[in-house]
Amino acid sequence: MEEGFGETKEKFNKYACACAIVASMISIIFGYDTGVMSGAMIFIKEDLKITDVEVEILAGILNICALFGSLAAGRTSDYIGRRYTIALSSVIFLLGAVLMGYGPNYPVLLTGRCIAGIGVGFALMIAPVYSAEISSPASRGFLTSLPELCISLGILTGYVSNYLFGKLSLELGWRLMLGVAAIPSIALALGILKMPESPRWLVMQGRLGEAKDILSHVSNSREEADFRFRDIKIAAGIDPDCNDVVLAKVPNNSRGQGVWRDLILRPSPAVRWILIAAVGIHFFEHATGIEAVVLYSPRIFKKAGVVSKDKLLLATVGVGLTKTLFILTATFLLDKVGRRRLLLTSVGGMIFALSSLGICLTVVEHSTEKLVWALGLSITSVYVFVAFFSIGLGPITWVYSSEIFPLRLRAQGMSIGVAVNRIMNATISMTFISIYEAITIGGAFFMFSGIAVLAWLFFYFFLPETKGRTLEEMEMVFSRDPKHENHNQGLEIQPKSSNDVQ
């Protein structure tokens, strides 16, 4: 850790860390909703007598609705601020959880899932953006990966909830699984209002006095706060020497005006590359099959040879534990190892694990007797896949895409990435059963392995290192020649001075 800004040696500001943790808690609710549905679907299908197609729709509709939620969240957060957008997201989650917990029939259950999906779209866009904007470059990887860690904690909690509530009566068990998510939603909606607003959003509104005050709290020294404040003003098109408390007019302020033009219609070469990188990483996060494993792990383990319902749910808890443990590990590596090296290592491991799982499931499917070695290797391959995903591609997708967009394009640029993410999530979750019935379950994982190879090549050629750079420097990073970047000694762009690290 390089020392910058005076005598401070702190790796990250504790107040900024606390703000990022609170903001990331919205992701626990989303993770819970995802994880709990994997087991709840077993009981819902039995209780409501729904078909496999209806199960796929129930699993995937959340992500279709999240697509619209994420697109709306970008504009909303530019209007009302990052903090109130998080509060709005938790209220939407609350409504969805209450409806799903009530769930007297399939249409009501599906409606609740749709409402929760809109909350998901808001949460996925705003939590990493807020965390990135509140943190300094030296700790941004750690703080911005907290939402992904919280998603994993939520998924694990959902799996444990499946196991515990699954012992209750059929009618009550799954409704409690889905309904208890309303409790943390209420707590978060109230708690989020105690947090400060993003200083970068405040600068875009011309509220310079408030922004400067918040920066003094989330920075480790006065020097660092002044340095960050100056950079943010330049990025917003404000004279860096301007010390007005409130500006009547902000030259580069945007509540959505001109953003789509600068992102889609007439982007600069750097912005075009940034958009391609963000869309690509969000596409491959789910195209490589993580949702199939997280949502349908009980079916995968059943295909591998696990028959007991209790054992199926316990094996699924193992998936949640693995995911949480390795994402926790990743949070400490992102600012040390860098985004790019961790990402390429992660996807390389995923390719190996997916190929191994495809082989094992194919052997089991063509065998007339129970193969203990294939069962054990299948479960191990699932855990290895989840581990490699969680130490790289999972958290880096959100860290990378939330930090690379220029200030005035960040909220809506991130919303595009999240929309692509939700489309792919919905595609996999709503078609996985149909895919494996068409090409066998082993064939489905061979397909994911092939997509992972394409992902590795995309990341190698199109994603430069961003570790240690300020948010205001990202356009410069993406203005360079990609071939030059990709062959430049591991592609890490070093800071120009010790101050740049902060």
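The backbone N, Cα and C atoms fix where each Cβ goes, glycine too.
Feature annotations, courtesy of TrEMBL:
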TRANSMEM  12-32  transmembrane segment
DOMAIN    19-467  domain 'Major facilitator superfamily (MFS) profile'
TRANSMEM  57-74  transmembrane segment
TRANSMEM  86-104  transmembrane segment
TRANSMEM  110-130  transmembrane segment
TRANSMEM  142-160  transmembrane segment
TRANSMEM  172-193  transmembrane segment
TRANSMEM  273-297  transmembrane segment
TRANSMEM  312-334  transmembrane segment
TRANSMEM  341-364  transmembrane segment
TRANSMEM  376-401  transmembrane segment
TRANSMEM  413-435  transmembrane segment
TRANSMEM  441-463  transmembrane segment
REGION    483-502  region 'Disordered'
COMPBIAS  488-502  compositional bias 'Polar residues'
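When pLDDT values are averaged over the domain 'Major facilitator superfamily (MFS) profile' (19-467), the model yields 85. Away from its own ends, the transmembrane segment (376-401) comes close to residues 124, 128, 132, 140-141, 144-145, 147-149, 152, 277-278, 281-282, 284-285, 288-290, 293-294, 297, 300-301, 304-306, 315, 318-319, 322-327, 329-331, 333-334, 339, 342-350, 352-354, 356-357, 360-361, 364, 414, 417, 421, 455, 463, 466 of its chain (Cβ-Cβ under 8 Å, at least six residues beyond either end). In this chain, the transmembrane segment (142-160) lies in contact with the transmembrane segment (12-32); the count of Cβ pairs under 8 Å, excluding pairs fewer than 6 apart in sequence, is at least 3. Segment contact holds for the transmembrane segment (273-297) and the transmembrane segment (441-463), given three or more CB pairs below 8 angstroms at sequence separation of 6 or more. Scored on C-beta pairs under 8 angstroms, the neighbour of the transmembrane segment (341-364) with the top count among 110-130, 142-160, 172-193, 413-435, 441-463 is 441-463.
Scored on C-beta pairs under 8 angstroms, the neighbour of the transmembrane segment (413-435) with the top count among 57-74, 110-130, 172-193 is 57-74.
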